[in-house]
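Here is the structure we will look at.
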Amino acid sequence: MLNNVKREIPKTIPGFGDVIPFKGVWQHMPMIHTAPVSLVPSGKGTVKKLHSIEQALDACELKDGMTVSFHHHLRNGDGVLNQVMEAIDARGLKDIHVAASSLFPVHAPLVSLMEKGTVTRITANYMLGPVAEAISNGKLTYPVVMQTHGGRARAIEVGDLSVDVAFIAAPACDLAGNLNGVEGPSACGSLGYAVPDAHYAKRVVAVTDHLVPYPANPIEISQEWVDFIVEVDSIGDPEGIVSGSTRLTRDPLGLNIARKAAQAIEASGLLVDGFSFQTGAGGVSLAVAAYVREIMRQKKIKGSFASGGITGYMVDMLEEGLFRSLLDVQCFDLQAVNSYKQNPAHQFMSASMYGNPHNRGAVVNQLDVMILGATEIDTDFNVNVTTGSTGIIMGGSGGHSDTAAGSKLAIVTTQLLRGRLPIIRDKVTTVTTPGESVDLLVTERGIAVNPRRKDLEEKLNEAGIPTTSIHQLKQMAEERAGTPDPVAFEERIVGVVEYRDGTVIDVIRQQKQHFK
Amino acid sequence: MKGLRRSMLFVPGNHPGMIQNADIYGSDSIIFDLEDAVSLQEKDSARLLVKHALRKIDFGETERVVRINPLDTGCGTQDLKMMVAAGPDALMIPKATARRLIEADLMVGEIEAALGGNRQPLAFIPIIESAVAVEEINELLKASSRIVAALLGGEDLTADLGIQRTKAGDELLYARSRVAMACCACGVDAIDTPYADTMDDEGLAKDTAKGKTVGFTGKAAIHPLQIEVIHRVYAPSEAEIHEARQIIRAMKQAEREGKGAVAVDGRMVDAPIILRAEKLLQQAKAMGVHDMTDNVNGGA
């Protein structure tokens, strides 16, 4: 059957089950019943600290076929997922479902566990590296489920993603299970993505390398959610967790695009007192922030909040008084970690508060402007950030679809040509974010407004900002670089792309091997 | 609007990614470099790349210049042969002397004649980068009618002189003044040497202003982010734009009334002043000061 973004989706996908096809942004809004949580009460005098991960597996009665979950705040420095999976492998468990909010190159040992059948299911919001490549090459028994940050929180809260044991990497933890991300050798700041797991998993194990006296201060995830505590030598490599500082790009192409995006934001009429803003940590995104900052200074605009993954650059804007508050689901650098620790205006938010479409209202719905990237964008403004030009998984929505849907103005910034590859296509290889939720495309050779947003086009033109059609931009790129052939795939489905509301927006098929 | 040369951006001739995007940064000219930016083993591939780029890619209003290798090398002659056929707007000729420019003029003339057709004669932009070239600058600029501008090459010139190139650039004062003066005398654009530190916008602005003060009409850039700084320095001021508007209005009114002489505020205005006013408004338009220039045209 064809879904709302004209993708052919099977009614049932083996290993995934029955499919609800994507119906459109904000079209699937059922009455919600959150999942019941079964728990084992801890009475007075209960000792939660266990000796080892192995002992935690016993205490949680982990069995074949169960689901274990992990958060990705330690990013490519994470040591917890690999330690837990090694212990699971050592006891010969099979058919384990790994529900990690994101997977990075450091998680490469999962590949051999996939090949052995220890791991047969994976759910993630973003993945990059050997695991993603192995999945694209058909090495996982069942299709990977790619979610969004808000969609994962939704899935856990309603029981679509039922977690048996959540292993929560805890940079600091006390003996009752209160934990935070701001202390210890692996401090990473906000632990926003771990909250749904802590609240809804049947068993919760905090894995820490930094035990602190009771009570931990601050408390991000509190003791009533934590069953067990395991102390290990190290939960991660600080080098891979947060960068020292985030530097602004000097890339002239990126700056050219960023300046155009900032001018469009100014012309949109949204850049007034109370302005709210989110952008990623990439070069162009930060450069947009730099130009927006300049406009805010000149016009003496005081914004309400910036949100999402937070960088030192956003911290500077907060401290300069350009925003009243930061809402932080994840810290990207040490400056953000320190600010989060010390500044009460730098506030915590959980993954659900950030982007869950089926709670009583998420932060993304308050966003004025969101800056997004794209691996590909098609002439219907659908965006792919899941698969690369060869069809291999090398990303995922993360918060892309959530913020696009919620914000008043969702801007995709991208080069028209990356290397020699045109980015605008007739059809994207994989739909991650529906074009319905994307308002504007900004490239080095021009700006295209989604035809749904005539109002926006008028505002830009009134401000003297020329616009063009996405078809014309596509033609400009193809005149220079030619038209790329579509990527060839095998029939087998290796991934299901879930929209944030749990409907299926696309599937990923196995990469065709040209050089066997 | 070819003709303005406030900024000329060097783009390595062996870098496809930079070539395909060379026109988006707003420089008045792009210089595809086959010389210093390209190592010896890549000379032939760069030559082919630039040839195809010139033939296939529409760079819009941006002037397309190719810096070839010195003509006393084999590479230089091969560059010249292929580039004349590829049809850029101008050739930039390094290590220029009067004698070499006469030779180049003859060679290009022969190639153009052999290619046939109704060709615009290919323009030359010599690089003044030796003591000899500075001292024979007047003769050099008259060596070929193809010359439309000259670029001062500060790095090679100071090397020739055996002196240090500094950020302050005092060592170039004589050469700058002499080249700018000669270019003005010969009616060609004077392009100032590029500023080497691509991270120092303030230093670039000062250096650019120094060149403008002694009569340069533009400056070469070695990084796209230098263009905006250069344009800012070479931008006409509001007072200059206002005066130019008045001159053009007066000129158009005189035309309508059939008067030969043009006067602004009781002061007679002659042809070179009108030409300068037109050029200045052209610059203003290139800088995005649309309203003022449009008013002039619309009000005529």
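Placed from the backbone N, Cα and C atoms, the Cβ positions cover glycine too.
Because the structure is a prediction, the values reported are computed rather than measured.
Listed in TrEMBL:
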- B:6-224: domain 'HpcH/HpaI aldolase/citrate lyase' (DOMAIN)
- B:ARG67, B:GLU129: substrate binding site (BINDING)
- B:GLU129, B:ASP156: Mg(2+) binding site (BINDING)
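Per-residue pLDDT, averaged over the domain 'HpcH/HpaI aldolase/citrate lyase' (B:6-224), rounds to 96.
Secondary structure at B:ARG67 (substrate binding site), as computed by DSSP, is strand. Cβ neighbours within 10 Å of B:ASP156 (Mg(2+) binding site), excluding its own Cβ and spanning all shown chains: 19. A coil conformation is recorded for B:GLU129 (substrate binding site) in the three-state DSSP classification, outside any helix or strand.
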